[in-house]
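Engineer: Below are the features listed in TrEMBL for this protein:
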- H52: active site, proton acceptor (ACT_SITE)
- D53, G58, D60, S62, E73: Ca(2+) binding site (BINDING)
- P149: substrate binding site (BINDING)
- C21-C101: disulfide bond (DISULFID)
- C54-C59: disulfide bond (DISULFID)
- 11-165: domain 'Plant heme peroxidase family profile' (DOMAIN)
- R48: site 'Transition state stabilizer' (SITE)
Amino acid sequence: MSMVLINVGGQLVENFYSSTCPHVEAMVKQAVSIKFIKTNTTLPATLRLFFHDCFIEGCDASIIIQSTTNEAEKDSPVNLSLAGDGFDTVIKAKEAVEAVCPGIVSCADILAIAARDVVVLAGGPSFTVELGRRDGLISNKYRVQDNIPEPDFNLTQLTTLFSRKISANLT
């Protein structure tokens with residue numbers, strides 16, 4: 001499995017929080033582990049949430065932004081099927097981190113760490129997550145439609161969509 005991670009707003013580095021919140025990854029891992037043990041949908045829900053976030057505006061946690069007018073990414077018909085458990089995993093991890101390092105770690109980085117952690121908890125390989133993402137400020141449901149693979153896409157449709165995404169990120 002390969003994944004394209006898009007840098008949003010700066011250089012990503014392994015030790016981004018080493019002086020400001022050195023235990024962020026351990027805190028996220030603990031919160032994700034607790035959630036993983038309690039709920040069997042934590043793995044797919046968190047991975048799918050991360051994919052849906054990264055595929056639209058880059059890995060900026062804009063999928064998590066709430067809208068009082070139901071106009072945010074999460075309100076798009078395609079995203080209405082995202083399991084609440086994925087959102088809850090990020091919320092629980094963010095609460096744990098905020099208790100120790102208030103206002104320092106982005107939701108975008110927490111979501112990226114959580115995605116890695118559920119892969120590891122499910123028996124997959126561990127890998128380094130470079131950090132330093134900024135949280136997105138824009139979340140628009142109209143940017144989602146036609147920009148995320150539908151469940152019934154065939155190989156040609158998937159290839160076209162992914163090629164379009166790769167081309168857009170190279171320009």
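Including glycine, each Cβ sits where the backbone N, Cα and C put it.
TrEMBL does not curate its annotations; it predicts them automatically.
Would you situate these features in the structure and describe their surroundings?
Structural biologist: The secondary structure of H52 (active site, proton acceptor), as reduced to three states from DSSP, is helical. Contacts of H52 (active site, proton acceptor) defined by a Cβ separation under 8 A and a same-chain sequence distance of 6+ are given as I63, E73, V78, N79, L82, V144, I148, in order along the sequence.
Under the DSSP three-state reduction, E73 (Ca(2+) binding site) is assigned to helix.
Secondary structure at P149 (substrate binding site), taken from DSSP and collapsed to helix, strand or coil, is coil. Sequence-distant neighbours of P149 (substrate binding site) (same chain, 6+ residues apart, CB-CB distance under 8 A): Q157, L158, L161.
DSSP assigns C21 (disulfide bond) to coil in the three-state reduction, outside any helix or strand.
Mean pLDDT across the domain 'Plant heme peroxidase family profile' (11-165) comes to 93 in this model.
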